[in-house]
Amino acid sequence: MTSTRHLRPATQLVHGGTSRSGFGETSEAIFLTQGFVYDSAEAAEARFKGEDPGFIYSRYANPTNDMFEKRMCAMEGAEDARATASGMAAISAALLCQLKAGDHVVSARALFGSCRWVVETLLPRYGVESTLVDGRDLTNFEAAIRPNTKVFFLESPTNPTLEVVDIAGVAKLANQIGAKLVVDNVFATPLMQKPFELGAHIVAYSATKHIDGQGRCLGGVILSDKDWIDENLHDYFRHTGPSLSPFNAWTLLKGLETLPLRVRQQTENATKVADFLADHPAITRVIYPGRADHPQAEICARQMKGGSTLVALELKGGKPAAFAMQNKLEVIKLSNNLGDTKSLITHPATTTHKNLAEEARAELGIGPGVLRLSMGIEDADDLIEDLDHALSGL
Ligand SMILES: *Cc1c(COP(=O)(O)O)cnc(C)c1O
């Protein structure tokens, strides 16, 4: 396919990266193959020497995965990418591939649970020091810098209380000391926030969330400039094997085609639901990055193109109210997943964040009455009626 660089994002998400076989298929082909055959021994030698750019083995690269990686690059404005089997494979590879014993990482403390485990527990096992800071205040990142600081890591908005971190500010600090900034951009979605434009060096996604967006398969992706990938990720990726299944790469490619439609509808629903909840007497607090009353509305406006698809709320009645409300919902399903076409709700204190110490949960504002809503693409009026019914009598 000729270059799609000049095309707008929605068009790139339909056509970007497509590479058709000799059959001229309309939809992308699934190359469900482990290996590739060579025409001759000389051809195999040339491929292994890198003189011929063809495929060798699907742990390294695969034509369907290649289409997914290229489409992600087109959307994100990245030079290169590697697709992984899950979001956690992407985050752990993005960190481990560039760190060694004696290095130091500074990370915002409000992180997806498994990301926090990687930074707080796994990295130190290999001699990598890590400092977790309150990411709402940029000066905390600066104060945590040591002579051996190599990587900054953050997600924004954060899970589940939707705090935001000043990405451009952290990128500037990283550049001042020659460190790299890795951004987990899942909650914002690729459409609502462009970390590379804000100065991030590496962007990682759980494609399980909005990119699939239909609850089917796990996946992830790491994007950066070609030099960083060649020097840090290329060998790590080939030899540790976090590779994505080509079948899942195909599912994710199809997900990308409808991503803007879904995220637009989810964001519209989130806006309406947040406005409804904000006025409800059973609720003490609604946190939505698209609302003027978000504690960091100014940073949201600066770095996000919209409030995105998640809403956090806190019920006056604590855990009993949160449980009673969840049990009365009919349209909105109870699930710890997010980014799905179906609206989902979770109680972080007893599910996704149950492993954190009480104190760490309190630091992050995850009280017993906090719920996280991931908005789907249903009719907003049905979602509001469902919530209204579930909140009645609390
Ligand atoms: C889900 C998620 C991950 C992990 O992704 P998996 O695909 O479940 O491995 C990492 N970061 C954030 C912010 C997530 O929401």
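Here the Cβ of each residue, glycine as well, is placed from N, Cα and C on the backbone.
Annotation source TrEMBL lists N6-(pyridoxal phosphate)lysine at Lys209. Marked as region 'Disordered' by TrEMBL: 1-20.
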Checklist outcome for this item: For the region 'Disordered' (1-20), the DSSP helix/strand/coil residue counts are 7 helix, 0 strand, 13 coil
Next on the checklist: Validating a neighbour-count step here. Other CB atoms within 10 A of the CB of the residue listed as 'N6-(pyridoxal phosphate)lysine': how many?
Outcome noted: 23
